[in-house]
Amino acid sequence: MSQQPVMKLVLFLTSEIGAYLFTLVAQIMRIRSNPMPSRLVDIMCFLIIGVFLPVVFMFEIVVVLPAFHEPGGFFHTFTFLMAMFLVFNIKGNMIACMMIDTSVNVKKVDPPSDQLNWRECGECQKLAPPRSWHCKTCKVCILKRDHHCIYTGCCIGLRNHRFFMGFIFYLFVGSVYALVYNSIYMWVIHGHIYSNWLTVLKLACPMLHMLWLMESSSWPTMCPLF
């Protein structure tokens, strides 16, 4: 039996299994009809993680990491794999948090006979169970609503709270990881370049520093400082 039909069979089975699992997950966890952020502030904060994080990751891998470990060595490979693990978990939990519907529309639930603590929402005109609150941004009642996250552009509630906690945890670990490497890179390895008051000003007030340079008459001579 040739390898080409076998590969086609494997690809076919893989696609069918993937489609089945996606359908199963979609039935268990309903996907939001529009998972993208709607407000301008949500979009800007989402872009910080969606665009800025991959850029920082490439800088860490291409510039910072080779200054510590020899490329191809054990510690270089280990740190690279750890960084990939953290980035994929940050992005994966963030995407899952954005896509999973945690509103009252996810499943029709009949209230108990006494309807204790159940109420009709005056905004969306739907019967809401206890601990459900209406979000003016999402325009729907959220089951066990915690808050509206501006970085994911959605509310954190019953079905996506675990993914939000995973997103926060891995983002914290990745930030500490990068802080340690970047601190040693700036203040120890390249201390003769960055150990000055201008670096402190850039880190503490980057926007103020940029405005000062733009208003300065010596703008062309100050550009190399970036």
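Cβ from N, Cα, C; glycine included.
In TrEMBL this protein carries:
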- 119-212: domain 'Palmitoyltransferase DHHC' (DOMAIN)
- 6-28: transmembrane segment (TRANSMEM)
- 40-68: transmembrane segment (TRANSMEM)
- 74-90: transmembrane segment (TRANSMEM)
- 167-188: transmembrane segment (TRANSMEM)
Helix, strand and coil counts within the domain 'Palmitoyltransferase DHHC' (119-212) (DSSP): 48 helix, 16 strand, 30 coil
Other parts of the chain folded back onto the transmembrane segment (40-68), taken as Cβ under 8 Å at six or more residues beyond its ends: 75-76, 79-80, 83, 87, 90-91, 94, 137, 150-153, 171, 178, 181-182, 184-185, 189
Model confidence over the domain 'Palmitoyltransferase DHHC' (119-212), averaged pLDDT: 83
For the transmembrane segment (74-90), distant same-chain residues with Cβ under 8 A (at least six beyond the ends): 49, 53-54, 57, 60-61, 65-66, 68, 166-167, 170-171, 173-174, 177
